[in-house]
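These features come from Swiss-Prot:
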type	residues	note
DOMAIN	104-287	domain 'ATP-grasp'
BINDING	Lys141, Glu178, Tyr179, Asp187, Arg211, Ser212, Asn213	ATP binding site
BINDING	Asp248, Glu260	Mg(2+) 1 binding site
BINDING	Asp248, Glu260	Mn(2+) 1 binding site
BINDING	Glu260, Asn262	Mg(2+) 2 binding site
BINDING	Glu260, Asn262	Mn(2+) 2 binding site
Amino acid sequence: MKIAILSRDGTLYSCKRLREAAESRKHSVEIIDPLSCYMNINSAAPSVHYRGRRLDKFDAVIPRIGSQITFYGTAVLRQFEMLGSYPLNNSVAVIRARDKLHSLQLLAREGIDLPITGFAHSPDDTGDLIAMVGGAPLVVKLVDGTQGIGVVLAETRQAAESVIDAFRGLNAHILVQEYVHEAQGKDIRCFVIGNRVVAAIERQAKAGEFRSNLHRGGSANKVKITAQERAIAIKAAKTLGLNVAGVDILRADRGPLVMEVNASPGLEGIETTTGLDIADMMIEFIEQKTQRRIATSSTIGKS
């Protein structure tokens, strides 16, 4: 197979591991910076061009698109989909997952338990918004933030009002969420491929920090998840239409709560913690899906 990895930086751990896994399974791989792509959009002969050349068709595309380039990155991914390439995660699902508010609304509609979350526009609603999520302490999140950036713990009502007003002064869209005390700065990252949770780790925030993201100095350990946690992680990924997802879960007294679903989960933390070859599992999943596509096309052609 010919596989394209859409990424701005091919030296990142996840990109290198995916390339190694694909090449070890005898596939050819090209890492493509989506911002260096340009597209010919027409019904007769659509194409993707890259640094002065027209790209040949790829059998599969793996999107590793940063949140800052979601709009253009998913446009490029969509063009590859038009050309018949199999997307590990399709453009619609990636966009869905990147919109934190929309994704939470979709998860809630499917009955998936979440931290109590508020969203408002008018400054006049700040007081009731804080009360609606259970009061302080609470968490204020930028809708467009990633890796723990733009996430603030407000320990008092006055602090919460100040943080919310400051973000609004920047014309930023924010979510206000209850702070789950019993989680104690920990969360569970479930790595979903298809209909399986293939790995799970527990992430612990460093001392003096409440965000458990490994990028912010948190630590990780292998963890055994419950059947309920496994089921909710798979359902969350499926609800957003993702074949591969990192589903972050808080262990609350009332049961597991889905905090976030990541469409481009990093491999370094989970592979080094569990010792599992997640990259190889992802390539194997692509092989299975593309083989089924070929088989289906062959059957249709004969009918």
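Just so you know, glycine gets a Cβ as well, placed from its N, Cα and C.
Overlay of Swiss-Prot annotations on the structure.
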{"residue": "Lys141", "record": "ATP binding site", "Cβ neighbours (10 Å)": "22"}
{"residue": "Glu178", "record": "ATP binding site", "Cβ neighbours (10 Å)": "19"}
{"residue": "Tyr179", "record": "ATP binding site", "Cβ neighbours (10 Å)": "18"}
{"residue": "Asp187", "record": "ATP binding site", "Cβ neighbours (10 Å)": "23"}
{"residue": "Asp248", "record": "Mg(2+) 1 binding site", "Cβ neighbours (10 Å)": "21"}
{"residue": "Glu260", "record": "Mg(2+) 1 binding site", "Cβ neighbours (10 Å)": "21"}
{"residue": "Asn262", "record": "Mg(2+) 2 binding site", "Cβ neighbours (10 Å)": "20"}
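Counting only the Cα atoms, the space from Glu178 (ATP binding site) to Asn262 (Mg(2+) 2 binding site) is about 20 angstrom. The CA atom of Lys141 (ATP binding site) is located 12 Å away from the CA atom of Glu260 (Mg(2+) 1 binding site). Asn262 (Mg(2+) 2 binding site) sits 8 Å from Asp248 (Mg(2+) 1 binding site), taking the C-alpha atoms as the reference points. It is 14 Å from the Cα atom of Tyr179 (ATP binding site) to that of Glu260 (Mg(2+) 1 binding site). With respect to their backbone Cα atoms, Asp187 (ATP binding site) and Asp248 (Mg(2+) 1 binding site) stand 7 Å from each other.
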